[in-house]
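*Asks:* Sequence annotations record features per position, and here Swiss-Prot assigns substrate binding site to Thr61, Asp136, Glu196, Lys226, Asp230 based on sequence analysis. For 197-199, Asn231, 260-265, Glu283, Asn318, 339-341, Asn384, the entry in Swiss-Prot reads NAD(+) binding site, with the evidence type sequence analysis.
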Amino acid sequence: MNAVTDLKQDYLVADINLAGWGRKEIAIAETEMPGLMAIRDEFAAAQPLKGARIAGSLHMTIQTAVLIETLKALGADVRWASCNIFSTQDHAAAAIAAGGTPVFAFKGESLKEYWDFTHRIFDWADGGTPNMILDDGGDATLLLHLGARAEKDQSVIAKATSEEETYLFAAIKEKLAKDPSWYSRNLAAIRGVTEETTTGVHRLYQMAQKGELRFPAINVNDSVTKSKFDNLYGCRESLVDGIKRATDVMIAGKVAIVAGYGDVGKGSAQALRALSAQVWVTEIDPICALQAAMEGYRVVTMDYAAEHGDIFVTCTGNYHVITHDHMAKMKDQAIVCNIGHFDNEIDIASIEKYEWDEIKPQVDHVKFPDGKKLIILAKGRLVNLGCATGHPSYVMSSSFANQTIAQIELWQERDSGKYPVGVYTLPKHLDEKVARLQLRKLNAQLTELTEQQAAYIGVKKEGPYKADHYRY
């Protein structure tokens, strides 16, 4: 990929001439994103994000373009990079760059370019710093915290344990050589972060528990209208889209192994079963395993499943769920892919020594010593974004409405003391608001409680209707 940067412009995209195409698709997406567009309309006049300078690290797709333009419509200044080397839609990036937003993203970035671009979202053209982060997976948040630690003690970036860390540590060392206080200066300016996904939320809670987190964070992922919709219904549609575009495989009759039965795993299993695959599930959590069994899925271990499966999908957010030994046991032509956030769910590093034959972008044949070949999709990264275009606009509207509300909440309350350093979730009434806005598109008719009914169950007539501990 020969990415293009115009020296007169503060962006780096694959081809700025794709902007017209991107703009047309953005216009279509807006009609499918009722919640996000309603929030844009509601708050545009008040400009609740005026003064906010948001460093965004999230998949640079058409749907994200609508989010970026919503943040700007509400008064924010924005700089953007993708949170995945394969997830950018180049026409979306071009449209956003052509509209005047600094964006650094193209499909097929190298890891060196990825960390360069993540640094660039913190380098404002006027020499200033951002004051907010909008993150997906936690890389932007990690970068500042780790870099600030390395300013004091470079031993924290001395020993890389993965290819990803090798490039991250090298990027931090290079930045420190040029500007020894760059990370702490940017870190001190951040007033809060909103985090999109399960993996990033895990990182935030770990940092908070260790006392390492330096600013307040809102966990957008655990808003009901995010995790129970984006993670479940989004994956239910985009997983098979990615597998089909990549391989044209017939799903029916195949044994499909779904590793993990959280919301992402549930949606993935539903999608594969809907196309008549025989779905097996692996799980560590007895509650999730029981849910899978009660839905009629066979619950097995990966050690057992490895030699039987035709299609393998990891959905755990964990490390080395599929190991080299598992892949060595798999059938010839088995399809292996991941719909969790990072590529280390599958031990890709252990098979890099073998012969790789690229069939087409993000589809590789990997030849094992015994002559067997596996089909590896998106090099173990997100299959739905690497091999297709990710979740549909409608379901992303829920997620991005929550992101926008969370950015407004943190920015408006930045000096109030409401959010000391820690990890928070949005209140139930805002979750319900997003759901109401989304329902308009579906021509749904909500039943209204009478005053007597509301009193009987002990809620307000206008909601919220469930306690915070309620499990949807």
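Glycine is treated like the rest: Cβ placed from N, Cα and C.
Remember, it's a predicted structure, so these values are computed and weren't measured experimentally.
I'm curious about the neighbourhood of these features; can you describe it?
*Replies:* DSSP classifies Asp230 (substrate binding site) as helix under the three-state reduction.
The Cβ neighbour count for Thr199 (NAD(+) binding site), using a 10 Å radius over every protein chain in view, is 21.
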*Asks:* Would you mind reading off the Cα separation of Asp136 (substrate binding site) from Glu283 (NAD(+) binding site), to the nearest angstrom?
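*Replies:* Distance between the two Cα atoms comes out at 24 Å.
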*Asks:* What are the sequence-distant neighbours of Glu196 (substrate binding site), meaning same chain, six or more residues apart, C-beta distance under 8 angstroms?
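*Replies:* Within the chain, Glu196 (substrate binding site) has Cβ neighbours under 8 Å at Leu58, Leu134, Asp135, Asp136, Gly137, Val220, Asn221, Lys226, Ser399, Gln403.
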*Asks:* According to DSSP, which of helix, strand or coil covers Val264 (NAD(+) binding site)?
*Replies:* helix
*Asks:* According to DSSP, folded down to helix, strand and coil, what is Thr199 (NAD(+) binding site)?
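*Replies:* Where Thr199 (NAD(+) binding site) sits, the three-state DSSP reduction gives helix.
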*Asks:* By a simple count, how many Cβ atoms lie within 10 Å of the Cβ of Asp136 (substrate binding site), its own Cβ left out?
*Replies:* 26
*Asks:* Counting Cβ atoms within 10 Å of each candidate's own Cβ, which of the binding-site residues Gly260, Gly262 comes out highest?
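*Replies:* Neighbour-count leader: Gly260.
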*Asks:* Given the binding-site residues Val264, Ile339, which one has the fewest other C-beta atoms within 10 angstroms of its C-beta?
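*Replies:* Among the binding-site residues Val264, Ile339, the lowest count of other Cβ atoms within 10 Å belongs to Val264.
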*Asks:* Between Val264 (NAD(+) binding site) and Asp230 (substrate binding site), find the distance joining the two CA atoms and give it rounded to the nearest Å.
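*Replies:* A Cα-Cα distance of 9 Å.
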